[in-house]
Amino acid sequence: MASTTNSPSTLLTLPNFSIQTSTFLPKTSRRSIFKKKKPFNFNSKRVVSCKASNGKQNDADTSFLNRFDRRDILLGLGGSLYGATSLVRDPFALADPIQPDLSSCGESTVDTSKACMNVPCCPPKLKDSKIIDFEPPLGCKIRYRPAAHLVDRDYLYKFESAMERMKALPVDDPRNFMQQANIHCAYCNGAYSQVGFPDQKLEVHYSWLFFPFHRMYLYFFERILGKLIGDPDFAMPFWNWDSPCGMTMPQIYLDPYSPLYDENRNLEHQPDVVVNLNDGKSVVKQTKKKDDFDELTKREQIKRNLYVMYQQMVRSSKTASCFHGAVYRAGCWSETDIGCTPEPRGGTIENGAHLAVHKFVGAKNPPYNEDMGNFYSAGRDPLFYAHHGNVDRMWNIWKTLPGKKRRDFDEKDWLNSSFLFYDENANMVRVKVRDCLDSKTLGYDYQSVDIPWLRSKPTPRRRRPGVGQGQDQGQDVAARRKSKNRRGFPIVLDKVAVRIEIPRLKKPKNKDDEEVLVLQNIQLDRNDSVQFDVSINDDEDDDNPCKPEESEFVGSFTNIPHGDCHSESMLSTNLYLPLSEALEDLEIQREDSIVVTLVPKEGEVTIGNIKIDYVC
């Protein structure tokens, strides 16, 4: 198709969509983690309402809408895309939804620990183009995204034709494959500032923006593919990695002569190696040492993955804040405002299976691990879109699971946060979170497949004498506590497991509140691959750490390299792990403390504190 642009972009395209104009700038010094200026602000101190609705919501108060409309006008709803100036914060503003400032878009950066790599990821500058507010399609039939391992030959031909045409579009066409890949780069590696806060970079990961942004990113990508082959009902496949039949890289993406192929993948994980949904590491398929916990057969890994999915989707995601992640609002009044404490924290799936699959697919070429192994380059792999299709499917499934708190936020700062995308007609469209709460409203759903992990509830690794038998239970727990490692904070976790006893709080007035283990002030280098597992009341004399199929296992912390040169080199974050179901399974609800075990798997972190709290 011919480009609708009026001015060519200065970007160039090389084979395999490699970076063309990247430059390396030496980093003369590292910024301290105690420096006041923050890259973005996660307001975790404010009260978060969990009374969400799954439908479109339009109940914003008049004063907020007036301010938001004024910003829209300043952004250039009636003018050119790049005509906006930096906005000044309205002192009477009642809310702070995140918005990208298109006028300030600059090169994304990738922090290599030794130098800054500049990456041109901004959208092409088009003359006389307007920003259109998104309106969900009306009266369209639902198109169903198929599981990638189940598609037939005719579907594959259509999909490959669409992808080939997208890659063949002119380089300055915003619908070109590389330009679409750049969208993820721009929103993830510091290209955009926030509207009204030019010193605050926008980041869509590790917060409540994760699911909405990626849903709409895939939505427009899919619409472009359909437009290119003249099929408005075309639906992209999803990688069904949560089901045994789909736990290997889909075969349709492995043909080197197909437009679905990407050479920057881990060849050791092709073609039939089962993904590890806990940490993304490969497994031994046939031979293994009987005493080696980490080496698994294919069948064992599949079974373990099902327990991991149950852990992340059922046990640990009973509230919106646990599933979606930390609250993320725009800007701050001042550096001393308590509401500006940064807390980049993803939800259970984002921190879990999502990152594990990224690590599993990305090539083994540190420090970048392109393409899927690093956020700036992830969109260059066609498999990325199938992967995030299944991530998006998890959002749909989560809201169907039992539990009255499995509802989206109804916070206006969330509902009115917005993103900018190009549609199938090369128009720039502004989408608000409130527009995409229901995939069916957008005209799509997912092929119905079995969900075996719903039947994979963990069980205690062993019944200890006295547990569950009234008064003997307390004596047994007390005896085990004597041998636990009592350590002060901060804890440096590198190669040796750490055990520490944590007191529990009194039961809150609201019996439905979820008891949560909180690991506070976790500090690590953004550019390091990090993984550690967490369990409770595990036996010290057992040399094998807890596994996801055991009730004592309560979760993991994972990080893949995602630093940009605008951010501090050190990341400080928290980890929230719900405990209620584990406490019931272990029959220790009445105990006044628990023993927490931290098992390092990769990298090094420092943990400032561990406590137990209750969240809505």
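In case you wondered, yes, glycine gets a Cβ from its N, Cα and C as well.
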Of the candidates Cys116, Cys121, Cys122, the one sharing a disulfide with Cys105 in TrEMBL: Cys122
Cysteine from Cys121, Cys140, Cys245 that TrEMBL links to Cys185 by a disulfide bond: Cys121
Rounded to the nearest Å - Cα separation of Cys122 (disulfide bond) and His184 (Cu cation A binding site): 10
Cα separation, Cys121 (disulfide bond) to His184 (Cu cation A binding site) (Å, whole number): 8
Model confidence over the domain 'Tyrosinase copper-binding' (205-222), averaged pLDDT: 97
Cys122 (disulfide bond): tally of other CB atoms within 10 A of its CB: 22
Nearest recorded site to His214 (Cu cation A binding site) by CA-CA distance, among disulfide-bonded residues Cys105, Cys121, Cys185: Cys185
Cys105 (disulfide bond) to Cys121 (disulfide bond) - Cα separation in whole Å: 9
Neighbour-count leader, CB within 10 A, binding-site residues: His205, His214: His214
